[in-house]
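Reading through the structure tokens given below for one structure.
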Amino acid sequence: MKKISILGSTGSIGTQTLDVIREHGDMQVVALSCGRNLSLIEKQAREFKPQFVSVSDENDAKKLRTSLADTDIEVGYGMDGLIRCATIEPCDIVVTAIVGMLGIRPTIAAIKAKKTIALANKETLVTAGHIIIPLAKEYGVSILPVDSEHSAIFQSLQGNSMNPIKKILLTASGGPFRGRKLSELEGIRVEDALKHPNWSMGQKITIDSSTMVNKGLEVIEAKWLFDVDLSQIQVVVHPQSVIHSAVEYADGAVIAQLGTPDMRIPIQYALYYPSRPALSGDRLDLFKLKDLTFEAPDLDTFKGLALAMKAARAGGNIPTAFNAANERAVALFLNKKIKYLEIIDIIEACMENASFIENPSVDEILDTEQCAYDYISKRW
């Protein structure tokens, strides 16, 4: 029986991971972590009976410890708690589903503890791919992608390890504002940006999808995961979200993964790889598909993707400045402190303000993040 630890169990990916585990009943949850959602993590802890749970705040940990006093579950908090979740024994797979650069240190700890990583925290590779990927190779650790697009690429690579990749076709829905021009995005409200046409996701990633910043982050993640040059990654807007991504080989063959927009499918593939057990849910009916369409991204309107590509080409700590600026800008927008288009203004300003470091350490990555936050606090 595989033993699973989930970092970020109360978020969208975390809850769907538990849905998969619940459906099959043949995996054991050994650790859970969350931010501040005490009521949900208590319910999860009572249902799945992990050895250890962790929350972000010490006072919340005291409350949860009291709530779970009738159980044998240990409660921790903060970064120490996250690292304990990531390294707990016995454990086979660590699902990293926390948002942001908070995932870097726990992921490094999990790799050093030789845990298989089911990666849903794209920011870890965006900001620290130059550290994470060599470390995983050094420790012989597999990093299995949970993002639907990267899972699709991973699946399209199976059985083709000896064949050279010509191109990765990274698909994007285009988000709720596909087809609009920049001038039409002036008055976008939070409620508008949270209406994704195809996927059910958390608030932050839904906003990122609307700006296409998310696709930019995924480009950088794909570069590290699949060891390809940026020039080999092509973003393709595919509004139906049926083809989740594809790989073109040197002979011209294109292998793609298709399916319904259900995040449980890539989650399950990461948990059970290389097996494919049955999973409940809607099936893809080709006869009901009216058409599949493809178009190039509009980089003039969706500057977030263009800026991500610029950050990726610059390398060093610039992707960190890009990511940190976006995280803070999205939070400000969700709290109605800035306008929608200011998200991109903030990202661009922070990238220009960052002091370049070619090969940043973890501490330098986190310093770059803090510098971006400080810069935003002063200007916005």
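Cβ atoms are placed via backbone N, Cα and C, with glycine included.
On a predicted model such as this, the values are computed, not experimentally measured, just so you know.
Noted in Swiss-Prot for the protein shown:
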type	residues	note
BINDING	Thr10, Gly11, Ser12, Ile13, Gly35, Arg36, Asn37, Asn121, Glu123, Gly202	NADPH binding site
BINDING	Lys122, Ser148, Glu149, Ser173, His196, Ser209, Asn214, Lys215, Glu218	1-deoxy-D-xylulose 5-phosphate binding site
BINDING	Asp147, Glu149, Glu218	Mn(2+) binding site
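Positions of the features from Swiss-Prot, shown on the structure.
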{"residue": "Thr10", "record": "NADPH binding site", "Cβ neighbours (10 Å)": "22"}
{"residue": "Ser12", "record": "NADPH binding site", "Cβ neighbours (10 Å)": "20"}
{"residue": "Gly35", "record": "NADPH binding site", "Cβ neighbours (10 Å)": "16"}
{"residue": "Asn37", "record": "NADPH binding site", "Cβ neighbours (10 Å)": "17"}
{"residue": "Lys122", "record": "1-deoxy-D-xylulose 5-phosphate binding site", "Cβ neighbours (10 Å)": "28"}
{"residue": "Asp147", "record": "Mn(2+) binding site", "Cβ neighbours (10 Å)": "26"}
{"residue": "Glu149", "record": "1-deoxy-D-xylulose 5-phosphate binding site", "Cβ neighbours (10 Å)": "27"}
{"residue": "His196", "record": "1-deoxy-D-xylulose 5-phosphate binding site", "Cβ neighbours (10 Å)": "18"}
{"residue": "Asn214", "record": "1-deoxy-D-xylulose 5-phosphate binding site", "Cβ neighbours (10 Å)": "26"}
{"residue": "Glu218", "record": "1-deoxy-D-xylulose 5-phosphate binding site", "Cβ neighbours (10 Å)": "30"}
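Of all the binding-site residues in the list Lys122, Asp147, Asn214, the shortest Cα-Cα distance to Ser12 (NADPH binding site) is found for Asp147. Glu123 (NADPH binding site) has Glu218 nearby among the binding-site residues Asp147, Glu149, His196, Glu218, counting only those with a Cα within 10 angstroms of its own Cα.
Put simply, Thr10 (NADPH binding site) is 23 Å from Glu218 (1-deoxy-D-xylulose 5-phosphate binding site) when counted between their Cα atoms. Using a 10 Å radius centred on the Cβ of Glu123 (NADPH binding site) and all shown protein chains, the other Cβ atoms total 25. Summary of the Mn(2+) site environment: with the site residues Asp147, Glu149, Glu218 set aside, the chain residues having Cβ atoms within 8 Å of the Cβ mean position are Lys122, Pro145, Ser148, His150, Ser151, Leu170, Asn214, Lys215, Glu221, Ala222, Ser245. When the alpha carbons of Thr10 (NADPH binding site) and Asp147 (Mn(2+) binding site) are compared, the span between them is 17 angstrom. Considering only the binding-site residues Gly35, Asn37, Asp147, Lys122 (1-deoxy-D-xylulose 5-phosphate binding site) has Asp147 as its nearest partner by CA-CA distance.
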